[in-house]
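S.K.: Below are the features I grabbed from TrEMBL:
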type     : residues : note
REGION   : 1-29     : region 'Disordered'
COMPBIAS : 14-27    : compositional bias 'Pro residues'
DOMAIN   : 30-157   : domain 'ALOG'
REGION   : 151-199  : region 'Disordered'
COMPBIAS : 170-191  : compositional bias 'Low complexity'
Amino acid sequence: MDPEPGPSSSAGTDPPPPPGPSQPPPQLSRYEAQKRRDWNTFLQYLRNHKPPLTLARCSGAHVIEFLKYLDQFGKTKVHAAGCAFYGQPNPPASCACPLKQAWGSLDALIGRLRAAYEENGGAPDSNPFAARAVRIYLREVRDAQAKARGIPYEKIRKRKRGGDGGGGSASSSGAAAGGSSSSSAVAPAGEVSGGGASS
């Protein structure tokens, strides 16, 4: 009977430290890390907002305002209607049109923020990232960027369904119009918290 109490009392002091710190890092996937970074970026934006906003008072209009704010960190050239290259998928020269966030990047960002909102205790029916106004805004951005590059989204969808040889080129055109880099929307995370626009 003596050996049994001894090991259990000594084992009781050793096991607690290893399981705690070793488990969380391996479980955090790339998607989860990106989602956490996006969420922190949005919360920082709310804190820096004038006047400061709380998450409870955040609406779809504030989400749209956030997406417009992110445009200053964008890397996608979007031609204005008066530009000589408007409607050309591959313009031959550079122009003074602004760089913006690609539609695909914004769409992916909203998906991550919508999930993060509910994971952090927000109710699905009050989720500002799922607001109708946000969906309409994203659709308008998609259509405007498609027109600026001369890529109609309806035709791309039909080509994909057809399965003919043109399907591959159509999908690559869609990627070029929508969001060649989904990480570009996340890039400002450091910028927002740092408060600068170095790029």
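Using the three backbone atoms N, Cα and C, a Cβ is placed for every residue, glycine included.
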S.K.: Over the domain 'ALOG' (30-157), work out the mean pLDDT and round it to an integer.
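M.R.: So the average pLDDT across the domain 'ALOG' (30-157) works out to 92.
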S.K.: So how many of the residues in the domain 'ALOG' (30-157) end up helix, strand or coil by DSSP?
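M.R.: Result for the domain 'ALOG' (30-157), in helix, strand, coil order: 82 helix, 4 strand, 42 coil.
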